[in-house]
Amino acid sequence: MRVGILALQGAFREHAQVLGRLGVETRLVRRPAELEEIEALVIPGGESTAIGRLLFEYGLAEKLLARAREGLPVFGTCAGMVLMAREIEGIEQRTLGLMDITVRRNAFGRQIESFEAELQITVLGDKPFRGVFIRAPLVTRVGAGVEVLAEFEGKPVLVRQGRLLACAFHPELTDDPRLHRYFLGEVAKA
Ligand code: GLN
């Protein structure tokens, strides 16, 4: 399976490293035509305003939405989650709107900018997963078709809707490949 990583801005290299270690063929995606050559896509963390602006400017958004409608599996992390959300609270910011969730940007907990936490993620087994949160989005609404796969302090931090997966943290910044493996296995093949 060839996995695309949206490489407009943010932590795309780190995702490529994790996937590379799993023996997966990756392709950095910067142009619409490159979306035709992949069987799954990762939207990395970074700055959702910058990534979003380029997505629409370069004509990638339209193609990505078309491929997602055909069933392309998409995994968004942090800013990627923001871009996959249907709505962002309180601000006018264009997103792909792929998942039926609402997020609030840079709003995790009380004024905490960045932190790490051990997450219990049932679908990954008993061993906790280290979540690295960097100005993470807070999920404030989850639609009926969206499954919550992990929470932190009662708030959803990992959600799935069919072949779409999104997390508020940065799984590419730890040595633990289990969430990428879950995406390529369970989510992509669903
Ligand atoms: N706060 C950023 C945003 O909303 C996301 C931060 C991140 O991806 N680490 O774009």
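Placement of Cβ uses the backbone N, Cα and C atoms for every residue, glycine included.
What TrEMBL lists as active site, nucleophile is C78. Taken from TrEMBL, the feature active site, charge relay system covers H170, E172. The L-glutamine binding site feature in TrEMBL is assigned to G46, E47, S48, R105, I134, R135.
All features noted in TrEMBL, drawn onto the structure.
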{"residue": "G46", "record": "L-glutamine binding site", "DSSP (3 states)": "coil"}
{"residue": "C78", "record": "active site, nucleophile", "DSSP (3 states)": "coil"}
{"residue": "R105", "record": "L-glutamine binding site", "DSSP (3 states)": "coil"}
{"residue": "I134", "record": "L-glutamine binding site", "DSSP (3 states)": "strand"}
{"residue": "H170", "record": "active site, charge relay system", "DSSP (3 states)": "coil"}
Sequence-distant neighbours of R105 (L-glutamine binding site) in its chain (C-beta under 8 A, six or more apart): S48, V82, I88, E89, I91, Q93, R135, P137
Alpha-carbon spacing, G46 (L-glutamine binding site) to H170 (active site, charge relay system), which is rounded to whole Å: 10
Integer Å distance between the CA atoms belonging to E47 (L-glutamine binding site) and the residue listed as 'active site, nucleophile': 9
Pairwise C-alpha maximum, in angstrom, for the residues (G46, E47, S48, R105, I134, R135) that bind L-glutamine according to the record: 13
For the L-glutamine site built from G46, E47, S48, R105, I134, R135, further residues of that chain with CB within 8 A of the site's CB center: G10, G45, C78, A79, V82, N106, P137
Same-chain residues at least 6 apart in sequence whose Cβ lies under 8 Å from E47 (L-glutamine binding site): Q9, G10, A79
Among S48, I134, R135, H170 [recorded positions], residue with fewest other Cβ within 10 Å: R135
Neighbourhood of E172 (active site, charge relay system), C-beta criterion under 8 angstroms, separation at least six: A11, E14, H15, Q17, V18, P44, G45, T77, H180
H170 (active site, charge relay system) and I134 (L-glutamine binding site), Cα-Cα, nearest whole angstrom: 8
